[in-house]
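S.K.: Below are the structure tokens for one structure; questions will follow.
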Amino acid sequence: MAYQTFRQEYLQVPPVTRAYTTACVLTTAAVQLELITPFQLYFNPELIFKHFQVWRLVTSYLFFGPVGFNFLFNMIFLYRYCRMLEEGSFRGRTADFVFMFLFGGLLMTLFGLFVNLVFLGQAFTIMLVYVWSRRNPFVRMNFFGLLIFQAPFLPWVLMGFSLLLGNSIIVDLLGIAVGHIYFFLEDVFPNQPGGGRLLKTPSILKAIFDTPEEDPNYNPLPEERPGGFAWGEGQRLGG
């Protein structure tokens, strides 16, 4: 019975979010079981381009460190904001969502050539948080009952929290930078005088991922409703 319930809940998770979070969890489990080591996964341009270990272009986004507070914190944020994007502004546009993944991953990989980062998954999570926060500017957030602020400040609050934990803010800045580039090109520049859409999802992605039908009984997510939603340990705030 419990297995059937879990399976049903798991299959209700939208496909991109389900695939990415599952890959992250399985990669971490494989490291914990010592089936593989982080040295086989991390981002290393020399090993990628000179020794053709191209899998590192993907695995560097799948490992968030050993199971512990940082891993759980990152996975919660990854799952939450990836799913809210996929079920929110990207609903019915799976191909566009996949294209955002590819575009963001490509930019981070290019930036990764110039900064000393061996794993890029946390920066990718911050990118997702940034895009969601800019597309939901009027949602009020409650950070574990300590701070109340508008959604666009969320990536910066997370960066401050990361700094308090003694982590490098380069990861957060990279995620914010890539998220802002995507948001500007997709949401801001097309609406400027003389602007236009520079990011166009390839037809092959649309043919593979997009479904033509829209569910008429769709119930909007909390962040799409007036008044915001409960977040962290806080309460939903009235509109």
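Glycine too: its Cβ is placed from the backbone N, Cα and C atoms.
Checked TrEMBL, it gives:
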type	residues	note
TRANSMEM	54-79	transmembrane segment
TRANSMEM	99-132	transmembrane segment
TRANSMEM	139-158	transmembrane segment
TRANSMEM	164-185	transmembrane segment
REGION	215-239	region 'Disordered'
COMPBIAS	229-239	compositional bias 'Gly residues'
S.K.: Name the range, of those listed as 99-132, 139-158, 164-185, that has the largest tally of Cβ pairs under 8 Å with the transmembrane segment (54-79).
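M.R.: When the Cβ pairs under 8 Å are tallied, 99-132 comes out ahead.
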S.K.: Same chain, outside the transmembrane segment (164-185) by at least 6, Cβ under 8 Å from its Cβ: which residues?
M.R.: 70, 100, 103-104, 107-108, 111-112, 115-117, 120, 122-131, 134-135, 155-156, 158, 198-199
